[in-house]
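Engineer: Dropping a structure here in structure tokens format, bear with me for questions.
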Amino acid sequence: MTYKEIYTESIEKPAKFWKEQADAIEWYNKPEVILSEDENGYPLWYKDGELNICYLALDKHIQDGRGDQIAFIYDSPVTQNIKKYTFSEVKTEVAKLAGGMLSLGLKKGDTAVIYMPMIPQAAFAMLACARIGVTHSVVFGGFAPHELAIRIDDCKPRLIITTSSGIEIDRVIAYKPLVDEAIELASHRPKKVVVFNRKLGARVPFKKYDVDYDALVYGSEEAACVPVNTTHPLYILYTSGTTGKPKGVVRDTGGYAVALKFSMTHIYNVQQDDVFWAASDVGWVVGHSFIVYGPLINRNTSLIFEGKPIRTPDSSTFWRIIAEHKVNAMFTAPTAIRAIKKEDPDGEFIKQYDLSSLKAQFLAGERCDIATLEWYQKHIPAPAIDHWWQTESGWPMIANMMGVEQLPIKPGSVGKAVCGYNIRIFSEDGTEVEPNKEGYVVVKLPLPPGTLLDLWKDNPRFKAGYLEQFPGYYFSGDGGYKDDEDYIFITGRVDDVINVAGHRLSTAEMEEVVSSHASVAECAVIGINDSLKGQIPLALVVTKLNDEIEHYQLEQETIKLVRQQIGAVASLQNVVIVERLPKTRSGKILRKLMRSIADGESFQIPSTIDDESIVEEIDTVLKKYKIGVYNIK
Ligand code: COA
Ligand code: AMP
């Protein structure tokens, strides 16, 4: 089938199409009702199906005689360690950990938080939860205790699974004290904390609620897979929204399993046995879908990488791993390629490795600039495929479906709509715009299987955030346009979410933290262009009347506050003091205007502006601090 044929069929006959895809996985009870609606009228897939995703990821392959195949390769340049785990080994450890969790009183329907770096035990913990119907919520290790506490209070875990430490480029990060601090900060108290001790010398304070991971696994019986209904929440994954409170995206089990199997074959074009590497983190959706569940369901070997594209130890790491483990398809964020390109502009390291196993390099998480794409194509003998999706969708929405038909690559475009996603570009009033005109990227309901079910315990926010702006359509929060050939170009977020080195962050959340500084009367945080990280935050601050704090002190204290409250990953480095912020006459801060000034883009001064002279004022201040296009930091 051509792309056009398969895509058209998925849109015109969704129930028939997804019934066929559901046959690609094994169910305890195969669904008969393919597409229906929940009590709010929101589309539901496979509502009467029963399955277990841990069974699909592990046990099934062992039953099929493939237990000796490598499931995970853990490659950790930061600890100089490479370890391989077969499907049988993973299953034994996961089943015993699940058995241990049962002995701690966990049961189907409970929630557990996982706070871990990129080590195999993070994936084992996720799979152990899935095995017994416990809904997991993985929190990215770069988030500070305060952020962890917000998530603990929202999803109320009975258990937290963590480790002694993580390793960043130049330091060991003690995780356990961060978890203890988060528990202190939170109102909800988990019953137990399971701690995997990596014995890397970090401080591991002991608390009464602690349970040793190794002792728990060693002393427990293997737990069997518990069948769950299709709509059973496999996980809650918090992502940044336009307020200070993160949104708990709820993922179902059955639709997700079908969608991931479909993605591995039809988008990523990997065959069973292939080695798949998503160089991301289990704390992000990419890690959930394409480090853990997707590759394992498809019986691929998945790489767990603990390191960075550069400085661990140098910018040859990606190429060394591809060559050494014969990676067939890889996924990373453009920022990683930009980092490598900066350190090795002529690709000298690349020439030292045999990269012939690599069939395709997938890129996502942020906009891929054409220079980066071209650099990649010049140096690497595999197509670079940009594709677009979100935490909410759980799997790609726009791509070049490599397993169907490789369409010509148009630099700057993320490809065409993926099967099941009826993507439209709307103007503010909900009418479709003409080709090549920019608008809001929306998807006609029903979204295909595997996409978000709801926001955790917050259906009103789910409706208000995604469904109400354009009735009958899901609103992605991104802007973009389609060309005459239906290629889609994403131009960026239309809200206050920013993307820093492929990490999705909320400027509203940063504003809350910056505002808490005693000298700050008012502030705005905006995302400005950065040649390495894509975007970085910039805080513009108005100090309190008669407050004479020096800029240096305010900047340092604010940076520290953001690192403490949100985490180092926020990458706030620039804080500037302004006399006032540009506002409309009704008092709304004009963030987009400030972004355009900082990025040196042409802009129109909104007619609603309170006082036009502020444009020059902001420009002068940014020049003084050498920010944005003037940024030499
Ligand atoms: N635990 C603790 N701290 C973390 C962390 C984690 N899991 N992840 C990041 N941090 C810290 C970093 O140490 C850094 O701290 P610093 O300011 O003290 O140096 C800060 O958060 C920012 O981290 P990062 O954005 O990773 O920047 P970097 O300068 O260390 O590295 C890149 C730059 C481009 C190499 C890196 O961002 C990268 O590899 N990006 C790819 C992103 C990616 O895969 N995203 C997933 C979406 S697909
Ligand atoms: P996350 O939910 O963290 O995966 O972030 C999703 C957001 O990242 C999207 O809404 C986009 O704004 C951005 N994004 C993801 N992939 C791409 C891409 N290929 N091109 C441009 N932006 C992207």
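Even glycines carry a Cβ here, placed using N, Cα and C.
Curation plays no part in TrEMBL annotations; they are all automatic predictions.
So TrEMBL lists the following for this protein:
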{"type": "DOMAIN", "residues": "3-56", "note": "domain 'Acetyl-coenzyme A synthetase N-terminal'"}
{"type": "DOMAIN", "residues": "65-444", "note": "domain 'AMP-dependent synthetase/ligase'"}
{"type": "DOMAIN", "residues": "509-588", "note": "domain 'AMP-binding enzyme C-terminal'"}
Engineer: Under DSSP, the domain 'AMP-binding enzyme C-terminal' (509-588) has how many residues in helix, strand and coil?
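Structural biologist: Its residues divide into 25 helix, 27 strand, 28 coil.
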Engineer: Restricting to the domain 'Acetyl-coenzyme A synthetase N-terminal' (3-56), what is the model's mean pLDDT?
Structural biologist: 97
Engineer: Under DSSP, the domain 'Acetyl-coenzyme A synthetase N-terminal' (3-56) has how many residues in helix, strand and coil?
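Structural biologist: Across the domain 'Acetyl-coenzyme A synthetase N-terminal' (3-56), the residues distribute as 23 helix, 9 strand, 22 coil.
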